[in-house]
Each structure stands twice: as structure tokens, then as C-alpha cells.
Amino acid sequence: MGETRELQLQVMGYEAKEENSGEPDAGHQSTVPQIRGRIWWIQMGVYSFFLLSGQTVATLLGRLYFDKGGNSKWMSTFVQLAGFPLLLPFYCISLPKNPTTDSIHMDRPPALTFALLYVSLGILLAGDCLLYSYGLSYLPVSTYSLICASQLGFNALFSFFLNAQKFTPFIVNSLVLLTISSALLVFQTDDSSDSKKISKEKYITGFLCTVLASAGYALLISLTQLAFRKIIKRNTMRAMLDLIIYQSIVATCVAVAGLFASGEWKDLKKEMEGYELGKISYLMTLIWTAAGWDVFSIGAVGLIFDVSSLFSNVISTLGLPIIPVLALVFFHDKLDGVKVIAMLLAVWGFVSYMYQHYLDDSKSKAESGNVDQVSQASTSKEVDR
């Protein structure tokens, strides 16, 4: 009887740990009520929609800025970061703190640790956005978006070292396909209207900057997942808003410093007056670009702390076919054979990873079912006694 009581205490302790952990567990999720499972999937759908819509709109508007007369790389970087005030109203509707959860996390690190975290992530974010700005200014948007697919491969690599991501044949297959997909684009001769204005040197520079930016973004979201697990230790909307807003404040300060240090601020008035679509369109392009990246941030960070950084990146890759098709319509980019092959390889890599995610989910549910059966059997034996 004493052994049974000890087993019950261990099970209760394990369940309490699962409920208060910042990391979702498939076995635990399978035991929650049906309605909670539906809410979780709806939440994932909303985050995915935010990520895909924000990414698509912001990327196309970012290219429109350069295509119609914009030239400031630091201004392009600034608008990727400066939309965080739009998120402040969400503090009012975020869920109230749970006293039980707060008491469990009394051992959270001091404020200085959080400050160092936000500053580090903010500086990395600013540098990454600057690299993306160079890539988007020198490349057709269809080529740019296809190269960005390489971030999934980088993310898997960083997740392996930082978040114990396991490599399987399907994930390796996904990495290889995405690497080949991006490598194909550096050897092509693009005849789109944009590339005719760009020298081969700038094209290569844009390619390298986009690859480095993809690696930087993969590192950033892997570190974000690690931070949620080791430092933040809270799976709440407020924790997500804190991370987005504080690191954006740091990154925006870096962008403003770069804008003035580079001297590009002196040309902004002339740039606005010479913008092909007019001054109002110039401002609206910048404003909606900032809003689009903010919507993207909500979706990306939401998926990171509810699932994983790799899953967030996979959903981002899902938007891969959307941008080149829209670029074909709005910017008349040429979707030639090399781009089509690169896109198909990237989609194949995405499907390969998603199949591995499906296998992992099925395995977790099966293991959870076995645990439930063992628990029920133990309970039945205790009742018989």
C-alpha cells in the first residue's frame, strides 16, 4: 500500500510539473479535454495566419520601397523593427497573472539577466534585419524569398545544438533539398526587370547577405526558444509581448543610430519627394511594412513558445510559394525554370519535415495511450486491494 501511495505522489508531481512547464508536451496535451485541444489548434491557426500574412505583405512592401525609389538600407531596417508600439494595447487584453504559476517561478533570474537577454537578442535582430535589407534591395523579390528557405536548414542545425533537436532521415532530406534549392539561385542569370539594374557584384552581395540573414534569423529564433525554456519560464501572452517589445526597442535604437551614423538620414527628404508613387504612398509603404513585420512577429514568437522554433520556421517556409507568385503579378519578376525547380525542391523539403512532425506526433500519442493504460491498470489494482 505504501508503494502505491508513493507511485501516486510521483504521478501527481509529474502532472504538476507538466502543467506548469513552459514547454508543451504531446502526452499531456492528449489528456486534456477535447475543447482545450480545439482551442489550441485554433490558436495555432491564428498564429500561422499572422506569420504568413505578415511575412508576405511586409516582404512585398519592402521590395516596393526599393523598386519605386527608396534607397536607404537603414530606413528599411528601421521599419522592420519600429512597429512595436502597435502591440502595446495587447497588454490590456493579455490574461491576468496566475498566482500559483507566479509562486512556482519565484526562482526566476534577476532583472539584469532579462536586460542582458533583451539587449543581446535586440542587437542580433537589428543586424539580421540590416542584412535582409541589403538582400531585398539587390535581389528580385522572388529570388530573395526562395533563398530565405535556407533558414529552415540553419534552424535545424542550431536547434540540434541549442534545443536538442533530433536529426532523422526526413529532416536530413529536408535540409539537403533546401540547401540545393538556395544554391541553384546563385548560378542563374536572371533577366527580370530588377536584375537588369543590378550588377553581378551586387547580385552576389545580395545573395550572400540573404543567406547570412537567414542563418542569423535561425539563430535568433533558436535562442528565443532556449530563452523561454531556461530564463523566461513563462508560457503566457504577457511573456511573449515582453520579449517582442523589449528586444524591438533595443533593435530600433540600433537602427536609429545606424541611420544617423551612416548619414542616410540626410537623404530621406529627397528620397520621399522623389518617390515614384508620391509622398503619401511613401509614408504608407513604410507604415504598413512596419505593421506587417509586427504581425509576423506575433505569429512567429507565438509558435515558438507554443511548439518550437523549428515549427515556427517551417510555417514560415510554407509561405515560400506565395511570394514568388505575387511577385510575378505585382513586380513582373521572371519565374524561369531555375526558380521553379528551386521552389519545388524547397516545397519538397517542407513536406519532408512536416511528415517527420506527423510521425513524431503519432508516436507521442501512442506513448501517451500506453501511459494512460498503465495508469488505469494501477488504479484498478489499488481499488481491488
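The backbone N, Cα and C atoms fix where each Cβ goes, and this holds for glycine too.
Heads up, TrEMBL stuff is auto-annotated, nobody curated it.
Within its own chain, the transmembrane segment (39-62) has Cβ neighbours under 8 Å at 29, 76, 79-80, 133, 136, 141, 144-145, 285, 288-289, 292-300, 302-303, 306-307, 312, 315-316, 318-319, 322-323, 326-327, 330-331, counting only residues six or more beyond its boundaries. Annotated transmembrane segment per TrEMBL: 39-62 (among others), in sequence order.
Annotation comment: TrEMBL describes 74-93 (among others) as transmembrane segment.
Residues annotated as transmembrane segment in TrEMBL: 114-135 (among others).
Within the chain carrying the transmembrane segment (141-163), a Cβ under 8 angstroms from the stretch's Cβ atoms is held by residues 59-60, 63, 135, 171, 174-175, 178-179, 181-182, 185, 190, 192, 194, 206-207, 210-211, 213-215, 217-219, 221-223, 225-226, 229, 308-310, 313-314, 316-317, 319-320, 323-324, 327-328, 331, 333, 335, 339, 342-343, 346, 349-350, 353, all 6 or more beyond its ends. Annotation source TrEMBL lists transmembrane segment at 141-163 (among others).
The annotation transmembrane segment is assigned in TrEMBL to 170-188 (among others).
Same-chain residues lying 6 or more positions outside the transmembrane segment (203-228) and placing a CB less than 8 Å from one of its CB atoms are 22, 117, 121, 124-125, 127-129, 131-132, 134-139, 144, 147-155, 157-159, 162-163, 182, 185-186, 190, 195, 234-235, 239, 243, 300-301, 304-305, 308-309, 312-313. Feature annotation from TrEMBL assigns transmembrane segment to 203-228 (among others).
Here TrEMBL flags 240-260 (among others) as transmembrane segment.
Tertiary neighbourhood of the transmembrane segment (280-303): same-chain residues 43-44, 46-55, 57-58, 61-62, 64-65, 68, 70, 75, 79-84, 86-87, 221, 224, 240, 243-244, 248, 271-272, 311-312, 315-316, selected by CB-CB distance under 8 Å and a gap of 6+ residues from either end. According to TrEMBL, the transmembrane segment annotation covers 280-303 (among others).
The annotation transmembrane segment is assigned in TrEMBL to 310-331 (among others).
What TrEMBL records for 337-355 (among others) is transmembrane segment.
Per TrEMBL, region 'Disordered' is recorded for 365-385.
Look at TrEMBL and you will find 370-385 tagged as compositional bias 'Polar residues'.
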**Prompt:** Which range out of 74-93, 240-260, 310-331 gives the transmembrane segment (114-135) the most CB pairs under 8 Å?
**Reply:** 240-260
